[in-house]
Each structure stands twice: as C-alpha cells, then as structure tokens.
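Listed in TrEMBL for this protein:
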DOMAIN    B:19-235  domain 'MacB-like periplasmic core'
TRANSMEM  B:269-295  transmembrane segment
DOMAIN    B:274-394  domain 'ABC3 transporter permease C-terminal'
TRANSMEM  B:318-344  transmembrane segment
TRANSMEM  B:364-386  transmembrane segment
TRANSMEM  B:411-432  transmembrane segment
TRANSMEM  B:444-475  transmembrane segment
TRANSMEM  B:496-516  transmembrane segment
DOMAIN    B:499-696  domain 'MacB-like periplasmic core'
TRANSMEM  B:729-754  transmembrane segment
DOMAIN    B:733-848  domain 'ABC3 transporter permease C-terminal'
TRANSMEM  B:779-799  transmembrane segment
TRANSMEM  B:819-842  transmembrane segment
Amino acid sequence: MTSAVTIPRHGGTGGRTAVAARARQVVKAYGSGETRVVALDHIDVDIARGQFTAIMGPSGSGKSTLMHCLAGLDTVTSGQIHLDETEITGLKDKKLTQLRRDRIGFIFQAFNLLPTLNALENITLPMDIAGRKPDKGWLDQVVETVGLAGRLKHRPNQLSGGQQQRVAVARALAARPEIIFGDEPTGNLDSRAGAEVLGFLRRSVDELGQTIVMVTHDPVAASYADRVLYLADGRIVDEMYQPTADQVLDRMKDFDARGRTS
Amino acid sequence: MTVLKTSMRNFFAHKGRMALSAVAVLLSVAFVCGTLVFTDTMNTTFDKLFAVTSSDVTVLPKAAKSDDTPQNGKPESVSASVLERAKKADGVKFAEGAVSSMNVTVVNSHNKNMGSTTGAPTIAGNWTRNDLRSMEITQGHAPRGPTEVMVDADTADKHHLKMGDELRTIAVTGDFKAKIVGIATFKVTNPGAAVVYFDTATAQRELLGATGRFTQINLSAASGVSDTRLKQNVSSVLGGSGSFKIQTEKENSDENRKGVGEFMNVIKYAMLGFAGIAFLVGIFLIINTFSMLVAQRTREIGLMRAIGSSRKQVNRSVLVEALLLGFFGSILGVGAGVGLAVGLMKIMSSMGMDLSTRDLTVKATTPVVGLLLGVVVTVLAAYLPARRAGKVSPMAALRDAGTPADGKAGLVRGLIGLVLTGAGAFALYTAATADKASDGSLVLGAGVVLTLIGFVIIGPLLAGGVVRVISAVLLRMFGPVGRLAERNALRNPRRTGATGAALMIGLALVACLSVVGSSMVASATDELDKSVGADFIVQGNQRIVPQAEKAMEATPGLEHVTRYKDLEAKMTSPDGKVDDSGITAADPSYAQDLRRKTTAGELSAAYGKDAMSVGSDYAKKHGVKLGDTLTVAFKGGATAKLKVAAITDDDVAIDQGARYTSIETMKKYLPANRIPPNEIMFAKAKDGQEKQAYAALKKSMEPYPQYQVRDQTDYKQELKDQIGQLLNMVYGLLALAIVVAILGVVNTLALSVVERTREIGLMRAIGLSRRQLRRMIRLESVVIALFGALLGLGLGMSWGATAQKLLALEGLKVLDIPWPTIIGVFIGSAFVGLFAALVPAFRAGRMNVLNAIATD
C-alpha cells in the first residue's frame with residue numbers, strides 16, 4: 001500500500017486549481033494473456049501546480065511511460081488522466097495534438113530541434129504551428145533567461161549540446177504551457193552543461209511559476225526538484241520533498257538493495 | 001563472401017525502400033522488352049502472311065514494285081502469252097496468271113469504305129489456286145461471273161457484310177458493282193488488309209482495263225524441283241530475266257518483308273528511344289535511392305570500416321545491392337514486357353489491325369537484352385553513391401548520427417554545369433541563326449543535349465534559388481507549415497535537384513514538342529490564309545480517279561475546278577544538269593487556288609503553250625532565267641522543250657520548289673493512257689454560293705468516300721487535329737518517362753520521411769497535427785514538382801523556339817507558344833506533386849509519435 005496521493009503544499013495562480021495534472025488508477029499494459037506486461041499498475045498521482053517534480057526509478061520501472069501518458073503522448077489501458085480540468089484519456093488524436101501544442105511543453109533527451117530551423121524559429125515553432133503570435137516581451141525574457149540572445153540565428157548544428165538543450169528549454173517555456181515535461185533533459189550533457197539547464201528549469205519554477213515534470217535517473221538532477229516520485233514495477237513506491245542529491249542517492253541504493261533481496 | 005552476405009541482408013532488409021527503384025527498372029525494361037516482342041510479333045505475322053501468299057516462283061513485270069502504284073494508277077502487267085510460255089518450262093506443276101491491284105477502293109451500298117482505317121491496303125484481284133494456300137472459302141463459292149465478288153471474312157465481320165450484299169469497286173478504270181457470293185477466311189493472321197476477289201476476266205477488265213493481261217504469273221514447282229531450279233528454267237523459257245522480274249518464293253517474300261521491316265524498324269527505334277528516356281529518368285531515381293540508403297547507413301558503414309572493411313569492400317557491397325535490384329527489377333520487367341506487348345496487340349486489334357497472340361514472338365535475345373540493360377543501368381547509376389559509401393570514414397561510426405549530413409552542392413559542379421549550359425546555349429543560338437536547316441539541326445541537337453546535361457548538373461544549385469522563389473509565391477500562404485516544407489525541400493539540394501531533374505527531362509520534351517507542334521499549326525494556318533485562294537480542297541489516299549473527277553466537275557455552283565497532277569520527268573537545264581524531281585501539271589486556275597509570288601514573270605504565263613515555271617532556288621542554282629528553254633523528258637511520253645515563263649519565290653512551305661506547267665501542255669507529250677489521276681483537286685465557288693457549293697460538292701463526292709472534301713476552315717482544323725493527334729501520341733509515349741519521374745518524387749519523399757522519422761515525431765509531440773504534417777509533406781512534394789516543371793518547361797520552350805527559328809527556313813515561320821498547354825502542364829505538375837505525396841504523407845501521419853521519437 002502506498003500513499004501516493006499528495007496534498008499540494010501551495011496553491012497555484014489565479015482561479016486554477018492547485019493540481020496541474022492528476023492520474024487516477026492508471027494502468028498501462030502491453031500485450032495480453034501470458035505475455036502481458038504491466039508498465040503502469042494502477043497509479044494515482046497529482047502533479048502540483050508551480051512545482052518541479054522529478055520521477056525516478058530503475059530502468060523498466062515505468063517512469064518514462066508515466067510521463068508519456070501524463071503528457072498525452074501515449075494512451076492508457078485504463079484509468080483517467082486530467083490536465084487541469086480536462087480529461088485527456090480518451091481524447092482523439094486531433095484534440096490531443098492541440099492540447100500538446102497549446103498547453104504542454106516538451107524537452108527530450110536528444111534531438112529536440114529541427115535541423116532546418118534556426119534557434120529562434122525552433123523556439124517559436126509550437127506557437128507558429130498554432131498560428132499564434134509569440135508574446136514579444138515574454139519571448140525576450142525567456143531568451144534572456146536561458147542566455148541565448150547572441151545565438152538566435154544559429155542553426156542547431158552550429159550549437160553545442162548544452163546550447164541545444166537550452167534552446168529546447170526556451171521553446172518549452174516560450175509558449176507559456178501549463179506544464180512542461182522533460183524526458184531526461186540532461187541525459188546527454190556533461191555535468192556543467194547539465195547543471196546550467198537544470199538551473200534554468202529551477203528558476204523558471206521559482207521566478208515564473210512554471211510547472212515541470214522531469215524523468216531522470218540522475219540523483220543530482222533530481223535534487224533540483226521540489227519533489228521526487230520513485231517508481232518501481234509500475235507503481236509509485238515512495239516520494240520525497242525538497243531532496244538533496246545525497247538523500248536521493250541513498251534512497252536509490254535502498255531500493256536497489258531491496259530489489260536485490262526480494 | 002561476407003560482403004555478399006551483408007549486401008544480401010541489406011537488400012532484403014531495405015527491400016521496401018528499393019521497391020520504387022525496382023518499379024522504375026521494371027517499367028523501363030518492360031517498355032524495351034514490350035517493344036521488341038511487339039515488333040517481332042508483327043514481323044512474324046507478316047512473315048507468315050508473305051510466306052503463304054508467295055508462290056514457288058513468281059514472274060512479274062520488270063518495273064513492278066510491291067509498294068508502288070505506277071503513274072497512271074493501273075498496275076503494271078504482262079501479256080497472257082507469258083503465262084503460256086512459262087507453262088512450258090521444265091518442272092512446272094501448274095502455272096496461273098494473277099491480277100491484283102492495290103489502287104482500288106471498295107464501298108458498300110451506303111458508300112461506306114470497306115478498307116482498313118489503319119493504313120493497310122485494300123487489295124482487289126482474281127481468285128487463284130495460290131490464294132488457297134492462305135485462305136479457304138468458308139461460305140458460298142468462288143466468284144464465277146462479272147457480277148460476283150468474294151470478300152475476306154475479317155472485312156465481312158468488320159462491316160457486317162452478308163452474302164448477296166452489293167459492293168462497288170472504284171478503280172482508275174471505272175466503278176463496277178458485284179454481289180457477294182463467297183466469303184474466304186485467312187488461315188494465317190491478316191493484319192488488316194481488305195481483300196476482294198473476282199473471276200479472272202472481270203479482274204482483268206475492271207482493274208487493268210484490258211483483257212489478256214496479268215499483273216503476275218504464279219508458278220508451282222513439280223515435286224523434286226527446287227524453287228531456284230524452276231526459276232532458272234522459267235527464266236530460260238522467257239528469254240532471260242531481262243524483260244521480267246522472276247523471283248523464287250523466298251525472294252518474293254523477302255522483298256515484301258523488306259518494306260514492312262523498314263516500317264517496323266522505324267516504330268521499334270522510336271519506341272526504344274522513349275524507353276531510353278525512361279531509363280535516363282530512372283537513373284535519377286536509382287541514384288537518389290542509393291544516395292539516401294548510403295546516407296542513412298553512414299554509421300553502419302563507419303562501423304564496418306572501423307572493424308576492418310576496405311573501401312573497396314564497402315563500395316562493392318553497395319554495388320552488389322544494385323546488382324540485385326537491377327536483376328529483380330529486370331526479371332519482372334521482362335515478364336511485364338510480354339504482357340505489355342499483348343496489351344499493345346489488343347489495342348491495335350481494337351483499332352482494326354488484327355494481330356493474333358498465336359504469333360507472339362519472344363526471341364531469346366529479348367530477355368537477355370532486357371536483363372542486361374536493366375542490370376547495367378542500375379549498377380552504373382549506383383556507382384556514384386557506392387563510391388561515396390566507400391569514402392565514409394571509420395570515425396562516422398563514433399559520431400552521433402542524428403540526421404545524415406545535408407549534401408551541399410559544390411563549386412566545381414557549378415562551374416562544370418555552367419560551362420556546359422553556356423556551351424549548349426551558344427549551340428542553340430548558332431542553330432537559331434543558321435543559314436541552312438540541314439547545317440543547324442546537328443548544332444540544335446548538340447545544344448539540346450548540352451543544355452540538358454548542364455541543367456542536370458547545376459540543378460542542385462538552381463534548386464536553392466528556384467525553390468525559394470516558388471516558396472515565396474506559393475508557400476507563404478501556408479504559414480509555418482509552408483516554411484517547414486520549403487526548408488525541407490532546400491535541406492538537400494542535390495536530392496531535390498536530382499528529383500526535379502528527372503521530371504524536368506520529360507516535361508522539357510513535352511514543352512519543346514508542344515511549341516514546335518503549335519508553331520507548325522500556326523505557320524501552316526498563316527500560309528494557308530495568305531496563299532490559298534481555293535475554297536475547297538479534295539484529296540484522299542487513292543489518287544483521284546477520273547469518275548470522281550467528273551463527279552466533281554459536274555457539281556453545281558462552282559466557278560472553277562482545278563486538276564493537279566504530279567508527273568515523273570527528267571529536266572535538263574541550260575547548264576546541262578539533269579534533275580529528276582518531276583513536274584506538276586495543273587489547270588491555269590491553280591494560279592488562283594494557290595497564290596504564289598514570283599521573282600520574275602507572271603505565274604499565269606507558265607500555263608501558256610509549251611511554257612512552265614521553276615522555283616527560285618532551282619533558277620539560282622542552275623542560272624535559269626526567264627525565257628530560257630528547258631528540256632523536259634516526260635516519263636512514258638515524249639521529250640518537250642518548255643520555255644520558262646515564271647520563276648516562283650521559294651520562300652514558302654506549300655509547293656516549295658514546284659515547277660508548273662499546264663495540263664494542256666502535258667497532254668501534248670503524254671499518251672492518254674499514261675496520264676496519271678489527280679493528286680489533289682481544288683475548286684472555287686461562285687461568288688456568294690460558298691455554302692451551297694460546299695454542300696453540293698460533298699454530296700457529289702459521296703460515292704467516293706476515300707476522298708475528303710474540305711473547305712479552308714475544315715482543312716485547317718484537320719491539319720490542327722492531325723498535328724494534335726501526333727503530339728498526343730508522343731505525349732503518350734513520354735508519359736512513361738513522366739511516370740518514372742513521378743515515382744522518383746514519391747521515392748524521394750518516402751525515403752525522406754523515413755530519414756526524418758525522429759523529426760516528425762518531435763514535431764508531432766510539440767503539437768503539429770496530422771493534417772499539418774501531411775500538408776507539410778505535400779507542399780514539399782509540390783515544390784519539388786514545380787521546380788522540375790519550371791526548369792523543364794523553360795528548357796523545353798527554349799529548345800522549341802530554337803527549333804522554330806531553325807525550321808523557319810523550311811517554312812515554319814511563325815513561333816507560337818501554346819501557353820494554355822504550358823500553363824496546364826505547370827499546374828498539372830503541382831497536382832502531380834500532391835499525388836506523389838499521397839502515400840508518403842499518409843505514412844508519415846500514421847507514425848506513432850513515441851516510436852518516432854525513439855528511433856535511432
């Protein structure tokens with residue numbers, strides 16, 4: 001028995017609820033009969049608005065699957081997922097695409113940018129696709145924040161890995177999504193560049209009130225979060241608030257040991 | 001060995017990606033093999049036909065040629081006494097005289113022509129024992145009297161003829177009617193000739209206008225006597241071959257076959273030319289496929305190199321894949337080719353040319369040629385990509401692959417391309433300003449080839465600019481999706497260039513031909529307007545027989561009727577040179593029917609007694625002046641001294657270089673039975689009666705459906721239709737190359753979609769809808785297609801305009817660019833782009849977002 005349902009500690013902005021996204025009894029299974037593999041096993045989780053949430057767990061624990069389901073990239077077998085007040089489970093592809101476009105930001109581990117577009121075009125791409133004009137002031141602020149002002153006309157192949165990820169962060173922030181999902185956004189970066197990117201994510205939560213969910217297996221990355229969820233075998237097995245890298249590492253070791261003895 | 005194994009595995013692993021290349025090889029090989037099988041089958045059909053229609057030994061009049069009717073419209077013949085003499089030769093089993101004429105038209109009681117519509121002749125003759133070898137009487141009996149006729153079963157079927165129906169035969173000696181008493185069926189395939197038989201006396205009287213004459217003597221050899229032996233015997237009995245043409249069965253059928261064979265060769269090489277264009281276009285597709293496969297496999301190749309594969313091995317592994325592709329594509333192509341040939345035969349049959357699949361001829365060389373061509377072309381096309389694969393450094397294995405590096409178009413390429421294009425443009429300019437058409441044509445050809453190659457080479461460089469322009473006009477309205485499409489089209493100019501170039505080739509030819517064709521119509525119309533004064537023109541594929549001439553002359557409401565006859569004659573100019581291009585005899589009213597400028601004298605004077613006119617080119621060349629006397633030896637007649645009374649300006653397309661004299665003058669020097677029927681006739685209506693006269697003329701020519709009666713408007717329309725038909729046929733053949741080019745666009749897009757899987761996943765993740773994604777791919781496709789179209793149409797129009805400038809010397813004076821066609825092709829290309837993107841866009845839209853992102 002896990003006590004995964006948490007009461008958010010601080011409210012969101014405006015009239016919105018304090019929960020940016022919630023999952024109820026979410027099951028994701030592949031195959032059927034004997035070959036059935038359960039990736040998510042009746043998961044309940046609330047993602048608090050304005051918080052930085054990290055999802056951790058060993059390989060195959062279902063952490064990426066959970067994020068993909070929350071983000072509307074993947075479908076669930078059963079259960080419900082709400083983004084704010086919108087139930088996204090059961091939405092058709094068209095609505096889902098619109099939702100991802102207008103309300104969600106993404107940062108992937110690698111290959112975040114279109115090689116044919118320059119940094120600025122990549123940043124404004126989701127808004128361009130939606131046919132919206134970017135908010136100039138906000139865009140400047142985001143660009144300023146991630147420190148890309150001088151490199152906006154560069155193509156991705158003219159940028160370093162760290163710079164590319166910062167462009168990706170800027171893209172995720174620029175459209176002011178309700179929630180940003182990161183899939184190991186620093187997985188391909190060295191520790192300095194990684195720290196830079198994580199710093200921006202942290203600041204966007206603190207200064208801009210952004211909601212961020214990030215999958216990672218790096219305790220240091222997780223330590224930037226307000227809250228860490230631990231997944232194992234498709235279930236949330238633990239959580240931790242205001243973690244430090246050491247605490248996270250210890251907890252991981254713990255799970256590892258338990259995993260081995262069980 | 002491992003190289004082969006990897007190649008095999010790669011080939012089968014990526015067979016989906018090679019599918020379209022294989023189809024391109026298949027189509028081209030199928031067209032080549034189809035052409036060969038079709039023409040071989042036609043030849044077999046004729047061979048079989050001629051083999052049974054030729055008797056063991058044939059005696060023909062000396063001058064007879066199988067495909068030529070003599071000047072007076074009656075076939076050459078020999079006297080019946082020749083038959084009697086030939087019968088006495090040793091080794092003759094039996095001999096018989098045959099009468100046969102191809103200069104006839106057979107109509108039914110509704111004046112409908114019973115002849116073939118495909119150009120096959122109508123043959124009238126007497127029914128002989130020799131005919132029993134190729135035909136059998138399946139209904140009724142052989143004709144026995146002057147009112148009896150037997151017809152071949154194919155014609156009877158086609159025109160629903162029954163026993164007892166009346167047929168009218170129109171020969172130069174007159175019309176005569178006979179009732180059908182028999183129907184004979186060919187035992188071999190008759191490709192389309194309509195055949196009617198009479199008894200010997202009737203045939204002689206009605207076709208030759210004489211009794212006791214035959215057009216040929218058929219001799220059958222007694223057993224044990226060879227054809228050659230019999231020929232010698234007959235030859236000695238007839239006093240040498242001096243006055244006759246004596247042929248064995250083989251010689252006779254060979255001669256008949258030669259004419260058909262030459263015609264078939266023209267068809268064959270023309271069709272092979274179009275197959276060659278399709279191959280050329282297919283090369284671009286294959287190059288693109290292998291370039292993309294190599295690019296996508298860069299990391300894998302790097303790994304192979306890192307663990308010790310030599311350049312050569314990598315290179316070879318790609319070529320082996322090409323070999324496999326070529327092999328499978330060609331094998332299927334050979335099979336499809338046979339199917340194509342059968343299809344063509346069916347089409348020909350439906351148009352009235354009967355061909356039987358019994359005669360289907362697949363020579364052993366056909367699959368060999370197809371296979372060899374397919375494999376060699378594929379391997380050659382894959383050579384450049386294979387070399388590039390060999391150059392992949394082992395370091396590539398370590399690098400993050402991401403998307404393959406975008407190919408940049410090099411400076412060297414640009415320079416070579418520009419030099420070639422420049423040289424080509426210069427050649428075109430030279431051709432356009434050439435003084436003589438014959439000099440310019442070679443230069444024109446060089447210009448066409450050079451500019452084409454030049455454009456293919458600089459295509460990738462042009463792609464950048466042209467795509468941007470097209471995008472600026474067209475894609476901007478599609479917003480960000482349009483911009484993404486533009487960038488995608490621009491990211492690999494070499495690929496876009498090659499894909500567009502493939503389309504360019506076909507469309508350039510279409511544009512060029514449409515310009516030439518439409519200039520031909522415009523020039524002819526222009527000249528007709530300027531020079532033709534006749535209201536009506538009567539002409540057909542049989543020369544105008546005297547009875548039709550009389551019918552025309554009897555038509556009410558005509559002011560005059562002009563006869564026009566081409567005569568064979570040898571003409572000696574004052575400088576002693578002999579020219580045998582003949583002379584035209586016409587009525588003086590011809591000077592009104594065709595108004596011609598003269599450089600000296602009055603044209604009407606040329607129709608005076610013992611007068612004539614010559615063309616200005618001839619006059620200049622031989623120093624002929626007004627008032628000079630030329631010696632004209634009429635063939636079959638006397639030699640005349642004619643005075644040059646006019647010199648016509650040769651800067652025309654109609655009757656260029658013609659010499660005119662009057663029919664009266666001709667009659668003085670040619671015996672009546674040597675006067676040929678009219679080639680063409682003209683008429684002018686009385687003032688204000690044009691309409692009635694046209695109707696009356698049509699009415700009076702109704703019994704002679706082999707002649708077309710046209711006024712100027714109809715004549716122009718018919719000319720336009722004829723050129724239009726010809727163009728449509730050529731477009732139809734070019735369609736193959738265009739289809740292959742469209743496959744190339746599909747191929748490029750499909751492979752690009754595969755290559756950009758991750759990008760597509762990313763875009764979908766951040767909110768690009770399926771519709772937007774599909775639109776993006778469609779727009780990219782449209783841009784590539786329009787790029788090819790723009791280049792092709794531009795190139796083709798400049799070729800066409802050059803050709804017109806060159807041919808202006810031959811009378812193609814008016815340049816007419818058919819803008820509706822050009823614009824139609826351009827817009828059509830946009831639709832081709834949309835169409836080509838259907839499947840790739842559908843597949844991209846169906847991609848699972850998560851899998852796409854996860855793709856390596």
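Backbone N, Cα and C define each Cβ position, glycine as well.
Source: prediction; values computed, not measured.
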* Structure fact -> Beyond a gap of at least 6 residues from its ends, the CB atoms lying under 8 Å from the transmembrane segment (B:496-516) belong to 277, 280-281, 284-285, 287-288, 291, 409, 448, 452, 455-456, 459-463, 467, 489-490, 727, 730-731, 734, 737-738, 740-742, 744-745, 747-748, 784-785, 787-789, 791-793, 795-797, 799-801, 803-804, 807, 812, 815-818, 821-822, 825, 829, 832
* Selected stretch (most C-beta pairs under 8 A with the transmembrane segment (B:819-842)) from B:444-475, B:729-754, B:779-799 -> B:779-799
* Structure fact -> Spatial neighbours of the transmembrane segment (B:779-799) not adjacent in sequence (6+ beyond its ends, CB under 8 Å) are 428, 444, 447-448, 451-452, 455, 459, 462-463, 466-467, 470-471, 474-475, 478, 481-482, 485-486, 488-489, 496, 499-515, 741, 745, 748-749, 752, 817, 822, 825-826, 829-830, 832-834, 836-837, 840-841
* To do: With a Cβ cut-off under 8 Å, give me the same-chain residues at least six positions beyond the ends of the transmembrane segment (B:444-475) that come close to it.
  => 407, 409, 413-414, 416-431, 482-483, 485-486, 489-490, 493-494, 496-498, 500-501, 504-505, 508, 512, 779, 782-783, 786-787, 790-791, 795, 798-799, 802-803, 806
